[in-house]
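Worksheet: the structure to be examined is printed underneath.
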């Protein structure tokens, strides 16, 4: 019976899949070329010949590929250099692609290679391309010797043969074809053969991959080196799900990973298929193993490029294994996961409620704090951190109690950063310490958030810049203890500091044992009643040390602040191994409920700790109790506590944010909100203790931006409210009167003007009829209950409404706002009332006294709003604002107030809530001018005068006319809104950027010294 011939459709599908798998080679080789160029500057480079253009990869990808390459290289080196008398050594690279293992091995190990033969096997099309590059590149063809065999037939599987290197074009599923080809030029059963499969057989269907593994075990004296993905916590773990989606999107799904998802299942896979000795490591174990690299080699990597993506690197390494199997028995116990931490013996059960995204922006590696409003509302504030594209200069504000009013925070504060800490100082303030921009730019500035006013004040700078440090409040005091952290790309702080709100930073003298210097550790302060005045105690654990390994020690600390120089004393935790699963973690967050401390997430030395674990710790004196907090078993429903924010409220924890870059496969963002009820845990751990909880109801409010102060010192300034000047009202007699107003550059309200019939006619019904009920308009819909719109935090959304629906909602005071755009070309041309709303145009006119406005008009804008506050901003062009219907309160500030109004560099809008701030000391250094506009009033707003508006009535209708009051100097190019800054300013910003970059190579303090001097020169010009 003849074998059925595959259908052409099936063959085409198979070929298409094969082509996609071959495509994965290109990305991998570009990454390996990046590693080769950066990390091996003193070696000959071979990947370069297979990559048309060098692309520097991100540090995370570089380090991950470096580890992959090192793992393979070590096993190949061991094979090559181990004596095997009477047997020729053969290295067969299965799915070799454009890999350069033969050339690297002969270059690195020279004579040790002896007569080792390297054979690359992959799809015929890919091997033919590789053959052409090898033959056409002298640096590669040199390995072939003088007379290599080169096949001439398309059907040949042996494409290239020489004494040291061969190429075979063969589908790895065709084992009989592969065997015949190899045996045609090589007595396999007389050889020592090492098969290498680096992320290749995982693309094969599992049956074919297993058949290949079993077949290989019978080839001579065989060894096998496998490197591929695993799913240690299942397919729903955030890293795993991102990885699987990535390969599925490429149509190159990982096949065997579901059947062999763990280290042990991979070991069993090989043991059942003829391999007598099997060693398996996940790549994090390989990173820690002296088999693959030593401490000095790990540390040296930091000198190549700054690196701080440790959580993401560990997650990557936990999801890959390197396996070394031999068909003969080697003796000894299999290497790999042998020294696991003791499993947790004590469990406590928590109740968790997960909520999908509440609309907050994506944020990770920020730091949380709990703030209060004057009305007593409680709020989780997730400060700064990393967003989708850059570090963020904003904070997410969540209410954590039902019916909370909005939290108003002053907008001046710390700059964008990650890896900082925020700590509640008890009855005092909230302290923000350090952080970084890039790993090469650590910050030493510190800030306090005043609980009474929710305003930031700059406080004492750290003695050294720090990020990835630990900070704890010393219970019952307004002091904070800072431990460890990094001061730069590779420098770890060995110092301990006390923050004193009056004396500043105090360096501690150290006694007792000397802890390893670490960063990313966690610290706990004990609240035991035995603490004496001025004496405090706690625990320090986890973090990464100078060798690039997670610290395997924990320490009890005691601090004495009663002496002039504080003293910190350390003692080792004696039963560490019993609790190492909870203590050997990096990047964990801590939160306290009563005397219990909860260590949340991070990644650990134990394989169980991959961002979804939680432990409950109790520290009292030199005793430590540890319990695993059971959150459930479904990884897809658990919070991903990597770069997340955790706070406590009563007996509950609230967790927001978090995420990780999953190597080269995309970024996972946890946008959920998690409430973890620990009331049962508290009752179990602290008998007789009951916590009376207020219900925790989490609601996202907004994400206000923070701007940096323009001068040094503590904020706010003078302790008095700003004096408000009433804007004068006048009547014009002639055109020249208005020209004088323009030249004087001061705001005025002009009364008694003939604006046409608009003031009498433009009620809701008339406007709807004139514009058209069904005409669609795009309006701002405020997302907060206060109606206070903020352009920077975008706390509004753009919605398309019929004009009738919009007017109805605005008339009843809903927080909607229409700023009309050009009807024909909204992205290209400025608004023009006559063209955009012809049904209304005849009712509105500018009187003769404002003839110069008509002559130099840039745009005329219809503005209609309900009860929505317009954000503080300035316009580059002068304008007249005519109130047609309703009433509005407007507050203006002169251009000289720019440094006091929280405008970020280059921004024309501020997040400062003027109408709230006027009742506080916050605007004491400003000069506010106020206008109440009624129908028929016209407000002249000079260029660069900052202004904001608040409705007095439910509905407001106005026409705003912008005009050029300068003869020249405006920016060229498209300017729909008329708010592009003057050309001289835009050019000046470019010049400043160039000047700033010219100081980049200088030490931070010298750089700041000279930049401040240049700033002084600008101010004195």
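Positions of Cβ are set from backbone N, Cα and C atoms, glycine also.
Matching 115, 120, 122, 279 to the S-adenosyl-L-methionine binding residues that Swiss-Prot gives (68, 171, 172, 198) identifies 122. Shown are the binding-site residues 122, 171, 198; the one with the most C-beta atoms within 10 angstroms of its own C-beta is 122. Of all Cβ atoms in the shown protein chains, 22 besides its own fall within 10 Å of the Cβ of residue 172 (S-adenosyl-L-methionine binding site). Shown in sequence order, 198, 227, 283, 320 are the residues of the chain, 6+ apart in sequence, with a C-beta less than 8 angstroms from the C-beta of residue 68 (S-adenosyl-L-methionine binding site). Largest Cα to Cα distance within the recorded S-adenosyl-L-methionine binders 68, 122, 171, 172, 198: about 24 Å as a whole number.
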